[in-house]
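The feature active site, proton acceptor is assigned by TrEMBL to 255. Annotated glyoxylate binding site per TrEMBL: 25, 165, 255, in sequence order. Residues or ranges marked as FMN binding site by TrEMBL: 78-80, 107, 128, 130, 156, 231, 253, 258, 286-290, 309-310. The feature domain 'FMN hydroxy acid dehydrogenase' is assigned by TrEMBL to 1-360.
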């Protein structure tokens, strides 16, 4: 096998390396997997309107997220059970994110605890939260994340029940016996029982609160001073409510196409959410981001940054920490090149005029400027 030259190539390497049950868990989407394909395909319906003859000898990719300075608007999304991919799991991910100067989001269902991840050294980290039926568990977890130096909570709001992932049902997916959901180990919630279908689906049905509502978003703000990002918003209506409810930011996400199938690609839902947020909170996107061009398109549509999920676990499976570092570097390099070739020297120079989407009205030609 030759050198890896893009992020997508890690998927095939991971497929060859991982047990089928594990690869299928990471790779699959819900039901027909229409949204899984659409998350990627939708990016190809947006084209560039590059501006030429601009001095692009110096390009600045840096940005701030919730006041934290990062090297680029590309961050790591929460993905569960990373030690299934590689023995170093979330430790490797934390070190790679820190080395790249970007943010890692740790999953509630990590195979390493918030304290263990914090022990890898400095870095800006967010904590993804699932709300359990037992609110004492939630309060304790949020407190531990705060104490471990995590800077924000990404509250997943699209999972009152687990989506139907048929590969997991066929494979009778369960967490391998040598691993635990480390954040819940001491609470006797760290193990997953074998089930007749997906062990994770059964675990969610037993533990995750289906009654979760906007009042809980307000409750969360009473137990923590950390900013709360609402992850899983796809409509203008919910974007408006999120802002009113005190969210510090919104993540436009369809859970990697793993929850409700036939929801739009996140890049298609992004603009309506951005417009509804009216600049009052930053809006981020995850889902299908595999190229620097995808990052540029998201920012042109108003996103403040993107998160990547599957590329992280696939590269982790393939090459451990070095694989994730390479993914972050390739994404950065491609994004920087896209900016240069589009005539943008900083993120604030990326505008809606740098792209044309196939849903745009034909544009009237502007009068030629006098030179």
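Along the chain as shown, residues are numbered 1 onward.
Yeah, the Cβs are placed from backbone N, Cα and C, and that goes for glycine too.
What TrEMBL says about a protein is an automatic prediction, not a curated fact.
Closest to residue 288 (FMN binding site) by Cα-Cα distance, out of the recorded positions 25, 165, 255, is 255. Residue environment of residue 107 (FMN binding site) contains 24 other Cβ atoms, counted within 10 Å of its Cβ in all protein chains. Distance between Cα atoms for residue 258 (FMN binding site) and residue 25 (glyoxylate binding site): 10 Å, as a whole number.
The average pLDDT computed for the domain 'FMN hydroxy acid dehydrogenase' (1-360) is 95. The number of other Cβ atoms within 10 Å of the Cβ belonging to residue 258 (FMN binding site), over all protein chains shown, comes to 24. For residue 78 (FMN binding site), the nearest neighbour among the recorded positions 25, 165, 255, judged by Cα separation, is 255. Spread of the glyoxylate binding residues is 13 Å (greatest Cα-Cα distance among 25, 165, 255). The CA atom of residue 156 (FMN binding site) is located 9 Å away from the CA atom of the residue listed as 'active site, proton acceptor'.
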